[in-house]
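Here the structure is laid out as structure tokens; the discussion comes afterwards.
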Amino acid sequence: MDLESGVFQNHVKKESWKTVLTLAYQSLGVVYGDLSTSPLYVYKSTFAEDIQHSETNEEIYGVLSFVFWTLTLVPLLKYVFIVLKADDNGEGGTFALYSLLCRHARINSLPNCQVADEELYEYKKDAANTCLTPTTTFGLRLKSTLEKHRVLQRFLLLLALIGTCMVIGDGVLTPALSVFSAVSGLELSMAKEHHKYVEVPVACTILICLFALQHYGTHRVGFLFAPVVLMWLLCISAIGIYNIIHWNPHVYQALSPYYMYKFLRKTQRGGWMSLGGILLCITGSEAMFADLGHFSQLSIQIAFTSLVYPSLILAYMGQAAYLSQHHVIDNDYHIGFYVSVPGKLRWPVLVIAILAAVVGSQAIITGTFSIIKQCSALGCFPRVKIVHTSSKIHGQIYIPEINWTLMLLCLAVTIGFRDTKRLGNASGLAVITVMLVTTCLMSLVIVLCWHKSVFLAICFVCFFGTIEALYFSASLIKFLEGAWVPIALSFIFLIIMCVWHYGTLKTYEFDVQNKVSINWLLSLGPSLGIVRVRGIGLIHTELVSGIPAIFSHFVTNLPAFHQVLVFLCIKSVTVPHVRAKERFLIGHIGPREYRLYRCIVRYGYRDVHKDDMEFEKDLVCSIAEYIRTGNAEPNSARDEMESEDDKMTVVGTCCTHTDGIQLREDDVDKIESAGTSELREIRSPPVMQPRKRVRFIVPDSPKINRGAREELHELMEAREAGIAYILGHCYVRAKQGSSMLKKLVINYGYEFLRRNSRAPAYTLSVPHASTLEVGMVYRV
């Protein structure tokens, strides 16, 4: 996989129309499967028990009017034309909105943020497109209030976490609802007493197969599933047109908002409660935004406006036209999708519907993977294994732990509920809660990021918030009839996220409070008061300034260390991608002869972390380039040492400075010279049977001074001797005098999550023979 070149760029905006249309076609299978299969269960859930289909047709016309205007106002107007424009440099989802607000309001949930991070290209691109400082008086006051009050910052983070948890809950419920509704078509082909024994096993088998396919990735899945959704959309639109023409050509009149008024006037409380079923027509709308990183804004807009939206409207109109002429049906299945399908087509449509339901589940599963990766990168979710399934498109990922957890929960709710009514109630509440969170965050984006009038933000919240609050109230009242499931699931995931985030913050605060001062380091002299052995020592730390306590803890117990020490911090920043030329921040700690370096490696929350061999080469090469460029000037005054962390230099990876130093590593019997007159070669002195010969290829211009040359020689010697990884292993405990709640959270909750989550990415790939762990007890 090419992990650097082309990773950060937004493929859509720079690609040709052919590529955009290809992505639009592929998005059918990944983004719109869920939304496209909603006709399977909307009418059935709406007429389940709250309202009855009467001879006057006021109910069916009113439901059709509600469905039409809900589809028009929420997915089309809100998401396609407004929310999709609030992308975080091509990324979408709840946490992308939160990241966008963090940058513009200068608030951050990450403790190790730096001023230098604001010089990244992604920040500057924001500044070029929209000024980071609000231009309105209210915007300035709002920004100032958010910066001053930690309570508001925590509330904003909590709001984002609630939205994230509901997305995960939706990832459990939507596959169950879609597949179960599709399989329910068997009820027209067999006796009811037989059907109930077939429906659940078939649905569970399909769900297991669906989750088993996930590791192949959305790239393969998209091109496999897109034809299915395309066939499904053409199928339901064709059936809809047939039913309109054959049964009721005047059904289009029900699109008037007047029929909504007549519906509510007649049905009153029952009609209001039935909105929980109508709400299901927009399940999957949030996937358009959450999956934005997999595709592009333009491709998603084209697919929805030109195909998905018209097909859904025709399908709902066709069902309404059929039902308006059929009030009494012999069997018990008088309201539903399959009853409106012509008899000869039911079996082929059933097969297509099951396939489309499988695809529909893919949309929310993919969105769940994306948003959990963002949360994990920003320190709000335990570390999980992230598999990048495409070498071309960076956003396509697979998370095994989450995949199998979703599968088990999905099977549990399918077996537990065994009917679309309660599954619909549960799914509807999860969907509308995510939409409410998006509406709240979008109102802040309008003021703080887009610098629009607060009046516009209030109008946005009042208009869309009122619609969503109406549906939310109708869903919440069915708490005991299935709506408790997303609340319970979200509460569990929210507890996990909050405990992990709190424990991570407290651990970092302990590191900051116990770091060693640079004055102590200087007092030891160039040898640091210990034996310096050959090689490079990489000390992993979360600190971006100061000397970590792990270093003093180590040298106190074992007074020997490597000739070159690198304090390495690998961190995420609140932008989607960091360009390769801005990857490293490098600086000296103390004078040059100490051979101490600080290296901060910055990744965006959507970036791919490099493997250890490539990373080692990039790290050593970047330090060498830092030495060569003359930025490593020795500090003369002791008072300047205290601010050495502010004097770091941005250095790119090897591939970004081709005119600078290049690193060559050869076996002893395969040493070759550079072979050009333009480059000079600095070789390491002969040693006894080295495993590798390391050399730097240095350009003729500009000339480097003697001190830098000596430093490069020593770096080469150290690299040739090998790299040792010094990792801190902390045991976190609540300090004495802490409250019972804090002891419960830290000693049991956070410790349990830490022990059962994956180690940081860099510790998984380092060779065990070169690894040394230093244990410390953290009293937080």
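Glycine residues also receive a Cβ, built from the backbone N, Cα and C atoms like all the rest.
As given in TrEMBL:
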- 23-522: domain 'K+ potassium transporter integral membrane' (DOMAIN)
- 60-81: transmembrane segment (TRANSMEM)
- 155-177: transmembrane segment (TRANSMEM)
- 197-216: transmembrane segment (TRANSMEM)
- 223-245: transmembrane segment (TRANSMEM)
- 270-290: transmembrane segment (TRANSMEM)
- 302-322: transmembrane segment (TRANSMEM)
- 347-372: transmembrane segment (TRANSMEM)
- 393-417: transmembrane segment (TRANSMEM)
- 429-448: transmembrane segment (TRANSMEM)
- 455-477: transmembrane segment (TRANSMEM)
- 483-503: transmembrane segment (TRANSMEM)
- 535-779: domain 'K+ potassium transporter C-terminal' (DOMAIN)
Leading stretch by Cβ pairs under 8 Å, where the reference is the transmembrane segment (60-81) and the options are 223-245, 302-322, 347-372, 393-417, 455-477: 302-322
The transmembrane segment (393-417) in contact with the transmembrane segment (155-177), cutoff 8 A, at least 3 CB pairs, sep 6+: yes
Long-range neighbours of the transmembrane segment (302-322), counting only residues six or more past its ends (CB under 8 A): 20-21, 24-25, 27-28, 31-32, 35-36, 38-39, 42-43, 60-61, 63-64, 67-68, 71, 75-76, 80, 230, 233-234, 236-237, 239-244, 246-249, 251-252, 254-255, 281, 288, 337, 339-340
Residues from the same chain, set at least six apart from the ends of the transmembrane segment (270-290), whose C-beta lies under 8 A from its own: 31-36, 38-39, 41-48, 50-51, 59, 62-63, 66-67, 70-71, 74-75, 79-80, 83-84, 92-94, 167, 170, 174, 177, 263-264, 300, 304, 312, 316, 360, 363-364, 366-367, 370-371, 424-425, 427-429, 431-432, 434-435, 438, 470-471, 473-475, 477-478
Top partner of the transmembrane segment (197-216) among 155-177, 347-372, 455-477, 483-503 - counted as Cβ pairs under 8 Å: 347-372
Stretch with greatest number of CB pairs under 8 Å, the transmembrane segment (223-245) reference, 155-177, 347-372, 483-503 candidates: 347-372
Long-range neighbours of the transmembrane segment (347-372), counting only residues six or more past its ends (CB under 8 A): 29-37, 40, 93-95, 164, 167-168, 170-171, 174-175, 178-179, 181-183, 185-186, 189, 206-207, 209-211, 214, 218, 221, 225, 228-229, 231-232, 235, 239, 284, 286-287, 290-291, 293-294, 337-338, 341, 381, 384, 395, 397-399, 402-403, 406
